[in-house]
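Feature list (source: Swiss-Prot):
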COMPBIAS  1651-1665  compositional bias 'Polar residues'
DOMAIN    423-607  domain 'C2 DOCK-type'
DOMAIN    1211-1622  domain 'DOCKER'
MOD_RES   K304  N6-acetyllysine
MOD_RES   S588  phosphoserine
MOD_RES   S593  phosphoserine
MOD_RES   K738  N6-acetyllysine
MOD_RES   S1685  phosphoserine
MOD_RES   S1706  phosphoserine
MOD_RES   S1731  phosphoserine
MOD_RES   S1784  phosphoserine
REGION    939-1476  region 'Interaction with CRKL'
REGION    1651-1704  region 'Disordered'
Amino acid sequence: MAPWRKADKERHGVAIYNFQGSGAPQLSLQIGDVVRIQETCGDWYRGYLIKHKMLQGIFPKSFIHIKEVTVEKRRNTENIIPAEIPLAQEVTTTLWEWGSIWKQLYVASKKERFLQVQSMMYDLMEWRSQLLSGTLPKDELKELKQKVTSKIDYGNKILELDLIVRDEDGNILDPDNTSVISLFHAHEEATDKITERIKEEMSKDQPDYAMYSRISSSPTHSLYVFVRNFVCRIGEDAELFMSLYDPNKQTVISENYLVRWGSRGFPKEIEMLNNLKVVFTDLGNKDLNRDKIYLICQIVRVGKMDLKDTGAKKCTQGLRRPFGVAVMDITDIIKGKAESDEEKQHFIPFHPVTAENDFLHSLLGKVIASKGDSGGQGLWVTMKMLVGDIIQIRKDYPHLVDRTTVVARKLGFPEIIMPGDVRNDIYITLLQGDFDKYNKTTQRNVEVIMCVCAEDGKTLPNAICVGAGDKPMNEYRSVVYYQVKQPRWMETVKVAVPIEDMQRIHLRFMFRHRSSLESKDKGEKNFAMSYVKLMKEDGTTLHDGFHDLVVLKGDSKKMEDASAYLTLPSYRHHVENKGATLSRSSSSVGGLSVSSRDVFSISTLVCSTKLTQNVGLLGLLKWRMKPQLLQENLEKLKIVDGEEVVKFLQDTLDALFNIMMEHSQSDEYDILVFDALIYIIGLIADRKFQHFNTVLEAYIQQHFSATLAYKKLMTVLKTYLDTSSRGEQCEPILRTLKALEYVFKFIVRSRTLFSQLYEGKEQMEFEESMRRLFESINNLMKSQYKTTILLQVAALKYIPSVLHDVEMVFDAKLLSQLLYEFYTCIPPVKLQKQKVQSMNEIVQSNLFKKQECRDILLPVITKELKELLEQKDDMQHQVLERKYCVELLNSILEVLSYQDAAFTYHHIQEIMVQLLRTVNRTVITMGRDHILISHFVACMTAILNQMGDQHYSFYIETFQTSSELVDFLMETFIMFKDLIGKNVYPGDWMAMSMVQNRVFLRAINKFAETMNQKFLEHTNFEFQLWNNYFHLAVAFITQDSLQLEQFSHAKYNKILNKYGDMRRLIGFSIRDMWYKLGQNKICFIPGMVGPILEMTLIPEAELRKATIPIFFDMMLCEYQRSGDFKKFENEIILKLDHEVEGGRGDEQYMQLLESILMECAAEHPTIAKSVENFVNLVKGLLEKLLDYRGVMTDESKDNRMSCTVNLLNFYKDNNREEMYIRYLYKLRDLHLDCDNYTEAAYTLLLHTWLLKWSDEQCASQVMQTGQQHPQTHRQLKETLYETIIGYFDKGKMWEEAISLCKELAEQYEMEIFDYELLSQNLIQQAKFYESIMKILRPKPDYFAVGYYGQGFPSFLRNKVFIYRGKEYERREDFQMQLMTQFPNAEKMNTTSAPGDDVKNAPGQYIQCFTVQPVLDEHPRFKNKPVPDQIINFYKSNYVQRFHYSRPVRRGTVDPENEFASMWIERTSFVTAYKLPGILRWFEVVHMSQTTISPLENAIETMSTANEKILMMINQYQSDETLPINPLSMLLNGIVDPAVMGGFAKYEKAFFTEEYVRDHPEDQDKLTHLKDLIAWQIPFLGAGIKIHEKRVSDNLRPFHDRMEECFKNLKMKVEKEYGVREMPDFDDRRVGRPRSMLRSYRQMSIISLASMNSDCSTPSKPTSESFDLELASPKTPRVEQEEPISPGSTLPEVKLRRSKKRTKRSSVVFADEKAAAESDLKRLSRKHEFMSDTNLSEHAAIPLKASVLSQMSFASQSMPTIPALALSVAGIPGLDEANTSPRLSQTFLQLSDGDKKTLTRKKVNQFFKTMLASKSAEEGKQIPDSLSTDL
């Protein structure tokens, strides 16, 4: 195989197919992956992925597209740069970055944004292809670049990526080659642009914002139109007149573009095919702001009078007849809102003339109003909006606008009239006429023939232009309307004649009737005429507007004789004025007379740069004709309309300077001319004429020629200044100062021309005059007269504008000196704001770019800045002044940044010495939300950036004393730290932030050198300074903008390549500075532990290795000082918690910390053991903290609670009270979020254990986190108790609440003697007692959960927990929630503990099953009648032991009687703490397993059955309204052998000689079982007796059957096992049931077990059901309480039926056959009594001599009868709507005097006596451990 060789040209490639690597050396690729190629061999490359450089390997060449690159070598590294254009590279990078975000948006289901990004990416991909094609014309490429950059910037903004700053050409600015100030301004501009862009994107009206912004920013615009085709069935030649039209004003606003179309459907001139292009130019912003603009096309047919006429020979040809119009609304295209593309074709539908009185102009209005069907006829055009005038667009769009493109100008002047734009166009519009028919029978077909005639009547050739693109003609013939009395032509033509001919020409209009027949038409002559002169007698042109002309009649030959009509009036108003002396038709001369019945009107518009319509202006322009009126005309100029003046700007200025030049020896007109010049300059300064600035500039440079004007201008100006300085009145001075810029331009230009003409003659005199002129200005500035204040402000504002020009003819240094005097002569506190603004203008001038000028000007500027910045002024003024100050300083720094360093050294030094500290203090005192803060910070950054090493050294030496230097360094460090912590720039200004960081880093290191030199020695050591340094450095290293790992790959590389990893540099500096401290280190322990820890946690390996040893140095330092390092240890534990919770730290850090510290300790044996202990401590804490952080974002709050408790225990074990309490409250908050009020109370209770009932002040570490006010132990404990009691109340843990209430009551009664609080407390206790008795508390289920496998976090891995379920929570629901938390986990279907293979497997395995709580005995309830409401609470609370029973088969199985071989395997669990507690679950700390024999199982089952019977008897005795069905089911299931088989199976299994013989040790158990069977008979008898009383008639047969079965059963049992007797239950009083916790527990009313378990536990399982039942023992479930009405006397609490869980809890009353399958079927919630006690639930210790040891404490002391309980019964008929979950139920309270109380006592005494006889026999079998208290 060929060897691998280094890749030469093939260095950079992109994967174009997916490649799946098959082995280790092969690198898998996806389409689009960018690879760096290192070596090549045959068909393979070796390299790595650009995004993941660690992924290296080989890949086939055919899968890679090679990209051209250039290799740039920097130091020892090669930087490979793609060869494609930068913008294409940027698009590529952007697509990578957006692509990643695009996928994330999809995952996050953000559909709208996902589609938006997708659309933008498609656009960028398409534009990238166009960029790379290299085929775009220059203008299109420029526009495309703008679109691309705009789209990228917009996309980055909405995706919250970094802002990209660009230059004017759209290229990304390089911070290395851009000044800080320029970079800052570029960020500001980019932000503003994007903000505007986003506004436009949100507005659907302006989609093409880039074009819109370009259009709106230019004063002149053009519309390019290309006529592609004209589709229309005419059959004759046609003329197409296209123009722009304003429909609101109903006026045409441009010249017509004429296209002559042939009858065959082609242009008449075939070379014009595909070349019909026109540009409508001179459009200004006013035109763009019109509401509507239409492109209209008026079509005139040229041919016969009527198209329908046949016989072409007889018809008149060549008539211009109206045919139709085409109209298109182009408003959006004009304004740049709609797409403007020269390739997109637009169809303009054609609308024909339908009647003769449909004038083309009138038809436009109709077409606009109605959108009719054109039938496919119309005009096809493409159009594009172009920016600029005709000269500009010829340069910018050469492919569109070439020599063949026709130019159609605007009707009127453009907004800017350039000096070279000589124009003399007069637009004549034929408006309308009204012609009498006289002797004709029909109305005439009038044709107007217009021509331009000289004085002698001869027609001027080629003077009329019908439309742009057409040749000039001698005469114009109008459209002919057939037999219309009042034709309205509205046809516009242009008259263009030389200016010198204007005075002698006039327009002549001939009117002729045109006949449709050629023969008649030849005989027709002109029947009338009109004329009008274009110039008036006073030399002005005809006024724009409408003109009613006189119609002259007479001899047609005379009409061509000018002498015949020129003496007659041409306007109708002239005739009307003479009407008193002349008759209506008598005005005639030479055969022509005025027709009073005929009317003809025209309108004119003069667009001439040479002819004016103003008499005053004309007088000035022609001043030589009447020199005696010169003074008057000069004075009149000020009242001439400004528009007229600027229109003739060049001629007016020429006239003024000619007057000045021709009177050079006299000063007679100097002031008048000067004032006139000032007036004109002032006009141009007006906003209305601001665009004429360019005209004036052009005039001065190209047309101005008055070489002596400068002398006169300077003289008059100095006179004005001197007059004003003396406080005398000088009215024009303010206008003069405002016009100062152009006055000096004229002065300088005049002097330049003079100097060129006379080769520098009189230079000294000129400079002296200029110096005296500036001295006059300075004298004005010194003046103290009130009248001069405004003038001084004006001078400050306008003086800088003259510098550019003065500098050309005057010594720059001298000029600078004059300016220096100009500013220094103003009093220090006067006009400061204006001075600063003026100085800013000077700084931006060319003058300031010269070193010698800066030497003079900079000191005065810095002095002014310093004074102004240090002033204390009111806020509003301060903001303005500071704004001007920072602008000025920015301008100075900007200028200096682009100069050679050698020429700016002293200037930077000047700024540094004078202003650095002032700027720093301004930043420090300025609020971070101040509008100018970012400007000042940028300014400060720029100063520091431009300071060299020598500057730093020099600046340090400027401080006179050490304390001053320390103050400066402290200020700077504090400011830097504050700016790093609160960045003044927006978050997306990445470039600006990084440049600031780079500058700050250099400054910090420079100042650190100063600290080493001056403040390290013991005598000079400055602790606070060093402390500030370390805190600043750590703040710098840990700031978000430097954490590269958090950034995208593109951003990571961008920062690393441009700025490097600044964290390493500062980190190494911190290390070095620490080790230099020597003996001073101890001062920084423990203060610096936290910051150093924060630094070491940065995930950068080299940095960690360099800085972690500092920890050991700290430990060693403290150990040597005090013999231990407790301070360090305490601080590290405190800070570590905070840092890891904040997201810092990882497994690698933990390992690195351990290895480095142990390595360091190995070199110091005396401290090694302590270090090892410390490392173990920190490692344990880190593990727990990382676990905690790992679950903080987890949806599972359970995991968060577990980790919180782990940390609690850690801090408790290590006596960290403050941290312990902090996490207590975190745990409390988590519980409250989950409504775990009980657990929240227990959590808060832990805090109270740290407090005493004393009045001493609480230490800070035992206060609640964030608590402000100091409290005593008693106050805090009392407050906490009240909160906890509230939580216990919400969690229905009233027993606990009462306990705390009692403790509080004791304090109120015995310690603080606050009886008012005591009374409230006792009321609260009473309420809790009442709640215990009246409010239902559902019993929670408990679940064992095992987490097996290495996939779980350490706090769960291979551990078992017991969970306390929520109210009514089923195992299925709990398990589903559990699996949701661990979606990748596998559910285990077995309940046995898994083997090591599962525990060590990499996956996750979850085991979940229900367990039963085991109660501990409560001694205080022994031998006392306790209500079941009290007892039931303890059945599922305060429990720490649980068990799970599972049936197993042993020995031979008898298919007819499986009980004999049915053994129970019982697993017992002991948790770390009792439940409920601070968690809803606790880890199992001990597990054991026992086995229960079939006989013991039978005893348990019989005990359960007896308990159920007794419980139900109690229920029915207590409530006579209960339904009978449940009792029927229970009794029938036992007495009828057909249903369940009764206890016959026990007899077959155990009561045999064979069993007794084989199991002699079970004799006592057999006796016990027989005793239970015997006791069942009286219980059944009592139940049947109750049933007999309650049974309805329809169930009487059922009862009789059941009674018969019972008699048979009774006989059999009493015969076999003896007789048992009970007292008569009829005598028992209806009251609250009570329990005796002695030998047996009496009937219970509320059974919590029945509340929260499934109804699936039969009392006596069959062979089919036993396995399932014992594997998951459950009890019936009830959803909610049902209150008893207040008036009821029922003593029990009832349950309301659930509507939602009918399928699980509601079963109908079953027949006997169905009842055979179960001893108790589930019924409707209202009709079912549910057992809450299955004795198998409560057994936790294996039987030795008695089954009782397996029972709950309530039944463990019972010798012969098992513990019995009754479940809660539902009461039918109660209104569920009134139920409240917390509603207390009313119970009948029985007084001691009740006469039935004795009956109850007798019953209780009976049970005591009956059971006492057995207690001696069984008592010895009860383990002592079970009799202990809770």
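Cβ from N, Cα, C; glycine included.
Everything Swiss-Prot records as a feature, shown here on the structure.
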residue	record	CB count, 10 Å
K304	N6-acetyllysine	22
S593	phosphoserine	17
K738	N6-acetyllysine	17
Residue pair K738 (N6-acetyllysine), S593 (phosphoserine) - Cα distance, angstrom, rounded: 60
Between S593 (phosphoserine) and K304 (N6-acetyllysine), the C-alpha gap once rounded to whole angstrom: 33
Local confidence of the domain 'DOCKER' (1211-1622) - pLDDT mean: 89
Where S593 (phosphoserine) falls in three-state DSSP terms: strand
Assigned conformation of K738 (N6-acetyllysine) - DSSP reduced to three states: helix
